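S.K.: Encoded as C-alpha cells, here's the structure I'll be asking about.
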Amino acid sequence: MAEFPAIDAFIVAVYAIAVFVIGFLASRHIKDTDDFFLAGRGLGFATIGFSLFASNISGTTLVGLSGQAYSAGISVANYEWMAGLLFLVMAFVTVPIFYRNRLSTIPEYFEKRYDGRVRRYISAMTIFLSIFVDTAGSIYAGALILQVFVPGLPFWPTCLGLALFAGLYTVAGGLRAVVYTDVIQAIVLLAGSTALTLIIFADNGWSWQAATGGLPEGHLSLIRPLEDEHLPWLGTLIGVPVLGFYYWSTNQYIVQRALAARSLDHARWGLTLAGLLKLTPLFVMVLPGAMAVAILPGIERPDEVFPTLVTELLPVGLRGLVLAALIAAIMSTIDSTLNAASTLVFFDFLSEERRENLGMKGALRLGRMLTLGFMAVAALWAPMIGNFPGIFAYLQEIFSYAVPPVVAIFVIGMVWRRVTADAALATLIFGHVLGLASLTAAQTGWLTLHFTITAGIATGLCALVCIVVSLALPGENARDPAGLMWHRGLVAPDRRHSVLADYRTQVIGVALLTLAIVIGFW
C-alpha cells in the first residue's frame, strides 16, 4: 500500500480521540484506590463480558490466530473454544470463592490459602508474564500491523508510541477507563472482523465450497493427529486446559474484571456472556486466516496475514474501521495488563500500613508511576519478540513452561485440606526449574514433545510433588482453608431468578453450543 488514505486516517483519529475522552472522563469518578484498581466494584455483567472478551482478543491474538490458521489450519481455534468452557468453570468454581472473600488480587488468595511467600512468588511471576508476554506481545503486534498499513514506519518508535498511548489513558482512568473503552473496542473489533469474513465469502459467491475448496487436507479440522507439529489432539486434551485455566482463573488482568462486579450474579452472567463471545473468533478471525492460503499464497511471515487481508480486500473507509479495531484490540490488552501489574505491586508488595501512610493521592500517584514504568519496560522488550518464529507461538510456549506449578497448587488447594504452604512453595520452585529445563531442551532440539503436551505432563508432576511434600512434611503451616475451598453450596446463585436468567441455564446453553461447533469442525 503506497499511501494511507485520508478517510482511513480520519476514522482512526476519531477512534483515538474517543478513547482518550472516555479515559479522562472516567478519571473524574475516581475517589479512592478501589475505584482506580477495581472500578469501585460496581461493574455490570455486560461490561464484564465484553471487557473480558476484548482484553483477551488482543492484537497478538488477532495477528496470531490468523497467522497460525494460515500456516497450520483452524486447530488454533481450540484455544478459543476451550477458553469459553473455562469461563463456565470459573462461574461455578473459582469466582464464587474469590468474590466472597472480597479479594483485590489473585495472589491474595494464595496468601489466605498458603502464606505470604507463595503470594509474593506468584505475584512476581504474574507481573513478569504480564509485562514481557502480554503487554510486550501486544505492542509488537500493533507495530507490525501499523507497518503493513503504513509502510516505512520505524519499528521501535512505533512500539514506544503505542505503549505511550495506552499508558496515558490507563494512568488517567484506572480500571474504570479500561473496561469502558473495552466495551467499545469489543464492538468495533467484532464488526471489523465480521466485515472481512463476509467480504471473503462474497468474493466466492457466498459458497462454502468455493471459499474452502483449494485448502490443504485437514486445514479445516479442529482435532489433529498425535504427530501434528502445531497442535496434536493430546495437547488439546491435557495441555490447552492447563494454559487456559491459568489464563482465565489466576491471571490478574482477566479475573480483575470479575472481582470488580457489583454482585456475584453479575460476575457469573458476565462470564457466560464472555464464554459465548469466545465462540466467534473461529468464524471471524481463524477462518479468514485459513482461507487466505488460497487468496494470498506465499506470505513468508504468517503474522502479516490478517493486516495483509485487510489492505488487499477491504475498501477505503472500511479499511480504516478495521485498523481502528486492531488498534482497539491492542490497546485493550496493553491497558489491562499495565493496570493489573500496577495493582499487583500495590496490594501484594506494599504492607497495609505503608498503603495507609501513602494516603489516597499518594497511592494513586504510585499506581500511575508504576503503570508508566511497566509501559516503558514492555515497549523496550517488544522488538525482541521478532526473533521468535511467530507471536502466537511465543505467547503459548512461554506460558506452557511457566504456569503448570501455579495451576497444580491452585487446584489442589481448592479440593484438598491437607496441602501445606511449604509444599506449595516447593512445587512452585520445582515446577519452574522443570520448566526452564524443558524450555532449554526444546530450544536445543533434545525435547521434541509439543509444548502443550509438556505442559500437561508438567502439571501432573507438580501435583504429585505437592501431594508428596504435604504428606511427608505435614508442618504447622497447613492453614485452615475455611471459605477458600470449593463445595457444592457455591453453585447456587446469589438470588432466585427465572430459568433463563439463572446462570446455570446459560452455562448449559453455551456448553451445548460449543460442543456442536467442535463436532461440526471435528
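Sequential numbering from 1, following the chain as shown.
Cβ from N, Cα, C; glycine included.
From a predicted model like this one, the values you see are computed outputs, not experimental measurements.
Here's the feature list from TrEMBL:
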- 6-26: transmembrane segment (TRANSMEM)
- 38-59: transmembrane segment (TRANSMEM)
- 79-99: transmembrane segment (TRANSMEM)
- 120-141: transmembrane segment (TRANSMEM)
- 153-171: transmembrane segment (TRANSMEM)
- 230-248: transmembrane segment (TRANSMEM)
- 269-296: transmembrane segment (TRANSMEM)
- 316-349: transmembrane segment (TRANSMEM)
- 370-392: transmembrane segment (TRANSMEM)
- 398-416: transmembrane segment (TRANSMEM)
- 423-442: transmembrane segment (TRANSMEM)
- 448-473: transmembrane segment (TRANSMEM)
S.K.: What residues in the same chain, six or more past the boundaries of the transmembrane segment (448-473), come closer than 8 Å to it by Cβ-Cβ distance?
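M.R.: Contacts of the transmembrane segment (448-473) (Cβ under 8 Å, skipping residues fewer than 6 from its ends): 228-229, 231-232, 234-240, 242-243, 396-397, 399-401, 403-405, 407-409, 411-412, 416, 418-420, 422-424, 426-427, 430-431, 434-435, 438, 442.
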S.K.: At a Cβ cut-off of 8 Å, and with pairs 6 or more apart in sequence only, do we get at least 3 pairs between the transmembrane segment (370-392) and the transmembrane segment (269-296), yes or no?
M.R.: no
S.K.: Going along the chain, which residues at least six beyond the ends of the transmembrane segment (230-248) come within the CB cut-off of under 8 Å?
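M.R.: Those are 56, 68, 71-73, 75-76, 78-79, 82-83, 86-87, 89-90, 222-224, 254-255, 396, 399-400, 403-404, 406-407, 410-411, 450-457, 459, in sequence order.
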S.K.: Out of 79-99, 120-141, 316-349, 423-442, what stretch is closest in contact terms to the transmembrane segment (269-296), meaning most Cβ pairs under 8 angstroms?
M.R.: 79-99
S.K.: Among 79-99, 316-349, 423-442, point out the range having the most Cβ pairs under 8 angstroms from the transmembrane segment (120-141).
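M.R.: Counting Cβ pairs under 8 Å, the winner is 316-349.
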